Every structure is written in C-alpha cells, then in structure tokens.
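Peer 1: Below are the features I grabbed from TrEMBL:
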TRANSMEM  12-31  transmembrane segment
DOMAIN    14-374  domain 'Ammonium transporter AmtB-like'
TRANSMEM  43-64  transmembrane segment
TRANSMEM  76-96  transmembrane segment
TRANSMEM  108-127  transmembrane segment
TRANSMEM  134-151  transmembrane segment
TRANSMEM  203-222  transmembrane segment
TRANSMEM  228-249  transmembrane segment
TRANSMEM  261-277  transmembrane segment
TRANSMEM  283-303  transmembrane segment
TRANSMEM  323-343  transmembrane segment
TRANSMEM  349-373  transmembrane segment
Amino acid sequence: MSSNYRNFRNSVPWLILFLEAVFIVAFYFLFSDDGAPRSSISYPAFQDVNHMVIFGFGFFLTFLKRYGFSSTGFNLLIIVLGVQCSVLIEDLLVFLLQRANEDGLKRITKAVVSMTAVVISTGAVLGKTNPVQLILMTVVEIIVFHMSRWINKIFLGVPDDISMTHVHLFGAYFGLAVSSCFSEPPPRSEKNTSTPKSDLLSMLGTVFLWVFWPSFNSVLAVGNKRNAIYNTYFALAVSAVTAFVLSVLTTKDGKFRMTHIHSAVLAGGVTVGYAARSIEYPWIAMILGLLASVITILGSYCLQRCLNPALKIHDSSGVHSTFGFPAVLGALAQVILLAIKNWTNLPRLGYLVLFHVGAFCVTISVALITGFITG
C-alpha cells in the first residue's frame, strides 16, 4: 500500500459493501439458469482453473518482500469481486443482445478465466497501488475485457472459446498501460527487493500455474479437449527445459537464475493456448514452447535495457516478457498454422487471417487505450 494512503478504514469497507450490494441486486434480476443447456464443463475442471487463479497467481506475485501478504490477500479480494462482476457483465450482454443463455457452471468458469487478465495486470502495478485503486481497476478492466470480446465475437465472428484466449494479451498490455502512469520506485528501494523466502513462495506459485495450465487451456475448448491438454503439456515441458538451458547460458557465472525460471517456464502454455485444440502433432506444440521460452528470456533483456527506460514503464513482475511476448507469439503462430492448413482455399484463408489479425489488433488497442485512461 502506498505510503500517502490515509483513509483506508473510511474508504475500502464502504466501497466493497457498495459493490456487493449492487451485485446482489443485479443477480436478483439477471442471473437465471432457466432453459440453459447443460455444458460439457465438469466441476473438477472448474476446480482446477479456480485453484490455478487463486493459489497459483496468489503465490506467483509474492516475490516482493514488502508485499507478500498484500499479493495473496488482495489477489483473493479482487478475484471474488471480479468473478461476480464478470458474471453480471456477461449476463447483461446476453440479455441486451438476445443471445442464448448458458448454464451457471460454464458462466462462472468463464468468469474465473476472464479474471486472469486482471491478475496479470495486477502484477504490472504491484507495490504501486492501494486496495481502492486495485478494486476500481478490476471493475473497469472486467467491463472493458468483455466489451472487447463481444466486439470480436459480433463484428469479426471470433468463436467464444477463441476470444477467451486473449486474456493474457489483454491483461499484459492493460497492466502496462496503467503502470506507465505511475512513477518508478528508486532502484535501491525496499519496494523493489525480494528475499529468498519471497522468491521461494513465488516459485511455488509458478509450479501451481504450471501444473494446472493444461486444464486452463482446455476447459472452454469446444471439441478436441484431449488435444488441448497434451499439446499444452508438451509445450510447457519444452519451455521449462529451455528456460533452464538458457538460464545457464545467459548468466556470467553459469548458474541457474530463478528469475528466468519463474517467467519462462509458463511461456509455452501462454503461446500454445491460441491453437492448442487445433494442433494435430505434438512436435508443433513443442516448437512453440521452445520459441516462447527463448523470446521470454531474451525479450526480458531487451525490455530492461531499451524499451522500458525509453517509455518509462516500470513492470513490477515482468508481465510483458512472461505473458505479453508469448501471447503475441501465440497469436501469430495461430495465423501461420491456419494459413498452412487452408492454403488451397484462398477465399477462406483470407477471411480467417483477416478476422484473427483483426481480433488481435482490437484486443491490444482496446487494452492500451483503456488501460492508459484507467491509470
């Protein structure tokens, strides 16, 4: 929490109570399962994603020694508020656009998945925001993310399960845009330092995320869930191996650096998420995992030395290299794989490439513009 924040007791409880009262009233009018078909999502699959978002990201963000309790505690607070808000926004859009209703388990699963964008953005502003700012950022980002999804879905024809894979892309660039409006802490400030204990807890969060990532990529997939699971696992495995190799090769003393492992082992899961269910051969997913790990580690050097100082961006947990770069690589890989698969059908190929590139550009543009306004 920032040092100049004084009225914690007079602001936070009343803001939370106000939001909760609004959610309860809105749920009374909007939430209904009447006539909704039963989805293919099982409770264990939902539980995997819920564990990943709460435990995985909660511990993932504990690397700063002064913000360990804040990371896990605020992470839980914004998730439980954000999930309620996400379900309501989705129900409101379904009501306004006269779309078919979905069962409650699928709706809450989509809400938890969409909260990944908010948690990623939180990593970019960690240590620079107070609870009121985090809560407001959560509400704004969830609303804007769903608007971005529905723009892609209505005007570009992007399938619902594909539009949800933009959470990493949206969360990373929304968080960077918000972070650009905050001043960077001094280089030797305690706000920028970590301890062996905080690094260990953060690595525990990385392991949680790694284990549950196949469920995350497959839970909303329409058909070929099995493909999504094993392609994600192979991509994660190769990215983890590559992270250890590059960590040794890029350090002066030839030792492992947990900062490299912390970020790069997840890159394969982020990259392969866009095309996980459509990849037919595991070796393609393995190549994507390798490239994702390489671009994460080498990209972090480029960002720290060139881009971030020039743009005056302070990325607390490195979400740009951990989630932003791999998400861009995954979006480009999806277009390339579609072009290879449909190269004999030029009219269809042009349409597919156009709407995927368009969705990619819309997501980044909306994230950057609204993130800067929010910041």
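Glycine is treated like the rest: Cβ placed from N, Cα and C.
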Peer 1: The transmembrane segment (323-343) and the transmembrane segment (228-249): do they have three or more Cβ pairs under 8 Å, with pairs 6 or more apart in sequence?
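Peer 2: By the criterion, they do not touch.
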Peer 1: Per the 3+ Cβ pairs under 8 Å rule, pairs at least 6 apart in sequence, do the transmembrane segment (108-127) and the transmembrane segment (43-64) touch?
Peer 2: yes
Peer 1: For the transmembrane segment (12-31), give me same-chain residues lying six or more residues beyond its boundaries with a C-beta closer than 8 angstroms to one of its C-beta atoms, as numbers and ranges.
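Peer 2: Residues packing against the transmembrane segment (12-31) from afar: 77, 81, 84-85, 87-88, 91-92, 95, 104, 131-132, 135, 139.
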Peer 1: What is the average pLDDT across the domain 'Ammonium transporter AmtB-like' (14-374)?
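Peer 2: It averages 86.
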Peer 1: Under 8 Å for C-beta pairs, could you tell me which stretch among 76-96, 134-151, 261-277, 283-303 has the largest tally with the transmembrane segment (349-373)?
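Peer 2: Ranking 76-96, 134-151, 261-277, 283-303 by Cβ pairs under 8 Å to the transmembrane segment (349-373) puts 134-151 first.
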